[in-house]
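Asks: Take a look at the following structure, please.
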Ligand code: FAD
Ligand code: NAD
């Protein structure tokens, strides 16, 4: 082993959380190293974590390709556009996705160089005394010591014991982003974010998609009205979502192109079977802590296997922090971004802070689903008095002009103070609109503030304006 190298900050993991922490720490003048073990499809080191390699960005690339294809068959005729023999070339579509991934993972390497973050490519293990031993891809080992160490190891897919990933027929997100052709029949276990997004991709391209969800309610994390509208639209699109479906066994049969998976599950009607060509297991992710911590570090894991941290992402061990998917809170890239920046700033003596109450959620289906803040159900459970205003996109000029009338905006405000407590959206491009709610809530604004802000006409954002006015029964474009 070579001589120990010392840094102000050593980050383990160069995903969204880790690379934000590393770059911000370096910007603040701290001598910073960042270690990542991941390899790209080409077998070369690829920075950027799950998000850039096999998560947010590649899934959105395929969602966009498949949306264009779907719209040709389902939207263009309304505009008077017709065409003959539309075809999808999966290799080109996946190749486009791979180029985007390469561009962005390479971009992180460039940003590290530009900010003087020293990158190490290999697997890091934290030892007592803030020492990190790195097993590099060439087999050599280096030892780093950080005044501060930030653990940003991310998460891995949860595997079900009766549906082990085989990289071919039974896959997680990694496999489902790389199918070489459109499967005739695809089953998905889990109607969560990945199941809905990747199920939508292959449905739009022509697969028969069945989603098996163990819980009796669809998308219970979202506002109930939003989930209801989304479920109705997904059904119209042909996504077969079966609720209360508990999978108990899978069996792979046949060989080569004839390989198929027999899925056994039970629901209210009893035991059922389903035969498919591909099975995507998307039942959640767990913190990737295997091999990360030597026995003597003092860093604790909680009952869910996540690294235990306080509200400021400190582990309780001097100079050791943890951020992103490997700690509590939603597994979202932008939550990791904010924690990474906050921890780097705290290390530099600045007042780093994350407001966990204003983290937006987006599900990139069609319609898109987006929200920030509390749902009505949560407020009821907490006994908080609230009032609601909602407005349908069907009454928004821009939405109708775009032939995208589905969905609505819903503003929830405190019954007495009028302070905005939540914004819930379902409709076209609402991923871009949700930030109006984030901003209002960050600045502790009221529904009246939103109602008095001038919104450009015609835009989709007018739904939020009218919804805010509807909170006090003064929406202009609908009966109150
Ligand atoms: P990760 O991105 O998982 O990065 C951790 C990195 O650390 C990895 O590169 C790993 O190789 C490395 N590592 C781990 N342990 C070690 C070690 N011991 N030594 C060296 N390196 C190590 N979130 C959104 O906000 N929006 C989306 O649209 C979205 N879409 C998604 C789609 C899919 C299909 C998936 C799977 C996830 C999606 N997510 C999305 C979630 C998002 O990808 C994660 O929340 C985010 O990547 C977490 O960032 P992170 O930095 O904590 O961890
Ligand atoms: P998820 O938690 O969103 O959904 C998992 C679903 O599987 C849940 O509905 C759960 O009830 C169900 N489930 C669990 N065990 C089951 C079983 N045995 N049988 C049937 N159903 C079962 O998890 P995910 O979809 O795997 O995504 C993982 C994480 O990645 C999410 O928490 C999310 O934070 C993140 N992600 C975010 C985005 C985005 O922001 N657009 C996109 C993809 C992933």
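Keep in mind that glycine also has a Cβ here, set from the backbone N, Cα and C atoms.
Just lifted these from TrEMBL, have a look:
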ACT_SITE  457  active site, proton acceptor
BINDING   60, 124, 325, 331, 332, 333, 334  FAD binding site
BINDING   190, 191, 192, 193, 194, 195, 196, 197, 213, 284  NAD(+) binding site
DISULFID  51-56  disulfide bond
DOMAIN    7-340  domain 'FAD/NAD(P)-binding'
DOMAIN    359-467  domain 'Pyridine nucleotide-disulphide oxidoreductase dimerisation'
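Quick one: how deep are these features, and who are their neighbours?
Replies: DSSP gives residue 457 (active site, proton acceptor) a coil state; it is part of no helix or strand. Its Cβ taken as reference, residue 457 (active site, proton acceptor) is surrounded by 11 other Cβ atoms within 10 Å in the chains shown.
Sequence-distant neighbours of residue 331 (FAD binding site) (same chain, 6+ residues apart, CB-CB distance under 8 A): 155, 285, 325. Annotation note: residue 331 (FAD binding site) sits in a coil segment as assigned by DSSP.
There are 19 other CB atoms within 10 A of the CB of residue 192 (NAD(+) binding site), with all protein chains counted.
The number of other Cβ atoms within 10 Å of the Cβ belonging to residue 56 (disulfide bond), over all protein chains shown, comes to 21.
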Asks: Determine the binding-site residues, out of 190, 194, 325, 331, 332, lying near ligand 2 in the sense that the CB is under 6 Å from one of its atoms, and give them in sequence order.
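Replies: List returned for ligand 2: 190, 194, 331, 332.
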Asks: Quick one: give me the count of other CB atoms within 10 A of the CB of residue 124 (FAD binding site).
Replies: 26
Asks: With the NAD(+) site defined by 190, 191, 192, 193, 194, 195, 196, 197, 213, 284, which remaining residues of that chain have Cβ atoms positioned within 8 Å of the Cβ centroid?
Replies: 188, 199, 211, 282, 283
Asks: If I take the alpha carbons of residue 192 (NAD(+) binding site) and residue 60 (FAD binding site), what is the distance between them in whole Å?
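Replies: That comes out at 16 Å between the alpha carbons.
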Asks: Cβ under 6 Å from ligand 1: which of the binding-site residues 190, 196, 213, 331 qualify?
Replies: 331
Asks: Cα of residue 334 (FAD binding site) to Cα of residue 457 (active site, proton acceptor): how many Å, rounded?
Replies: 30
